[in-house]
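According to Swiss-Prot, the features are:
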SIGNAL    1-24  signal peptide
TOPO_DOM  25-480  topological domain 'Lumenal, melanosome'
DISULFID  30-41  disulfide bond
DISULFID  42-65  disulfide bond
DISULFID  56-99  disulfide bond
CARBOHYD  96  N-linked glycosylation site
DISULFID  101-110  disulfide bond
CARBOHYD  104  N-linked glycosylation site
DISULFID  113-122  disulfide bond
CARBOHYD  181  N-linked glycosylation site
BINDING   192, 215, 224  Zn(2+) A binding site
DISULFID  258-261  disulfide bond
DISULFID  290-303  disulfide bond
CARBOHYD  304  N-linked glycosylation site
CARBOHYD  350  N-linked glycosylation site
BINDING   377, 381, 404  Zn(2+) B binding site
CARBOHYD  385  N-linked glycosylation site
CARBOHYD  472  N-linked glycosylation site
TRANSMEM  481-501  transmembrane segment
TOPO_DOM  502-537  topological domain 'Cytoplasmic'
């Protein structure tokens, strides 16, 4: 975020209503009775000759309307309710045809560029830098806060959210699509909620909660990477500033304070209620969405755009769980980056020696699974002790964005160090939604997990400015180093003593005649060899 590129936020809301957008769950053009009944979401780019004449920008070679490809490989046994959830084989319960864009073109109608590209022909590379929030200037910090606040209040220009399941999507009369408008930031919250919500099994039946399309499996990192990328691109469009980038919060401080919880950043603690945000912060005005879980689970409805109570936050305030009163240590990150396998069977929250499970926080920083442990990402969420510590609500607290950009930075560093080895990302038998080729729920257009399993600077148009901690040695490693050093010292002393003895012997020989009967003739030793060309070593 360069200061000279800042825009006045007060003058850009109206133009947003007609700006192009890429990241809708379902584009507004597809939220119609006809599109839903036909199962086709291939909007026109420039329909100069009438509707349906330029689907997916086909007239200019940007894309084409194709059948959706959905992963059908088996998932793990954690989910036993096949056929009962709209998120299965995403997004085929709603649409079975969508745009497939060519080259670097992207978007619901192939009207924009893939991440990392810009220009009318999407042939110009672009690279933005995600920096440490605390390293930003006062002007840059204020710009970020105001941009987030604007995203919270600005209706998304291109998409709507479903408020009913697929069997009820056309309403009681069969002709009233059940969609609502929602703000840019609240859509960011909604997508997260939709990925973690329970499976509704029917009236009078308890909803199934052991399902999660974005956590506790290999897709944790790829899903949240795209989630952030979506928000960043949405905000770039909103600000009309392609250089805008999301900073990160380096939560690995080992401290029991939240160093970004100040009124010029994410908001300090309220003087009137320690679980609320200070009135001096704009975030005290924010109201959460997707909090009516009981209604969703018993009535089978979905989260809508209705806002509820304020953000709750009480960093290090959970006195009942001392383990979550202090943030991860810098060395935890260093140790995590030494776990060389991306994921390991059963590809779940009990995997051991799994980098994914380690950075997610279900294993200790060395990769060893321990059911009592909460580390790194999980620990940072729980430390916030409020809205940010509840999975379905956590993105309502804007700290979520900064926490996950740092988690993504760790992921990208791991990809760089280990050359993005996809062989440890399971092709099948991961929890539902977590197979390598699964379309991540509920993103649109469909995008697979493996498409995000790439180094960001080379493939996604962003990089991180971060210094990684070096790893301290453990006690056992220090003992090993000490033993090796001692043995090396003994070897040096022995070698020195041998040299002194040899030198004294050579000095005595120097006083003897050059040729005597005891002289070892070279020819005689050579003749003793069976093969003169064979080494004696």
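From the backbone N, Cα and C atoms, a Cβ is placed for every residue, glycine too.
Given the structure is predicted, the values throughout are model-derived calculations rather than measurements.
Cα spacing between residue 303 (disulfide bond) and residue 258 (disulfide bond): 30 Å, rounded to the nearest whole number.
With respect to their backbone Cα atoms, residue 377 (Zn(2+) B binding site) and residue 261 (disulfide bond) stand 18 Å from each other. Those same-chain residues not listed among 192, 215, 224 yet with C-beta within 8 angstroms of the centroid of the Zn(2+) A site C-beta atoms are 195, 196, 214, 220, 223, 227, 391, 404. The local packing around residue 303 (disulfide bond), expressed as other Cβ atoms within 10 Å of its Cβ over all shown chains, amounts to 24. Nearest to residue 181 (N-linked glycosylation site) in space, judged by Cα atoms and limited to the binding-site residues 215, 224, 404, is 224. By neighbour count, meaning other C-beta atoms within 10 Å, the densest spot among the disulfide-bonded residues 56, 110 is 110.
Close to residue 104 (N-linked glycosylation site), meaning Cα to Cα within 10 A, are none of the recorded positions out of 56, 215, 261, 350. The most crowded of the glycosylation sites listed here (96, 104) is 104, judged by how many other CB atoms sit within 10 Å of its own CB.
Reduced to three states, the DSSP call for residue 385 (N-linked glycosylation site) is coil. The Cβ centroid of 377, 381, 404 marks the Zn(2+) B site; residues of that chain outside this set whose Cβ lies within 8 Å of it are 224, 361, 378, 380, 394, 400, 403, 407, given in sequence order. Residue 65 (disulfide bond) has a Cβ environment of 17 other Cβ atoms inside 10 Å. Most other Cβ atoms within 10 A: among the disulfide-bonded residues 30, 101, 122, 261, that distinction falls to 30.
When Cβ atoms from all protein chains are considered, those within 10 Å of residue 290 (disulfide bond) total 25, not counting its own. Long-range Cβ contacts of residue 304 (N-linked glycosylation site) within its own chain (separation 6+, distance under 8 Å): 161, 163, 180, 289.
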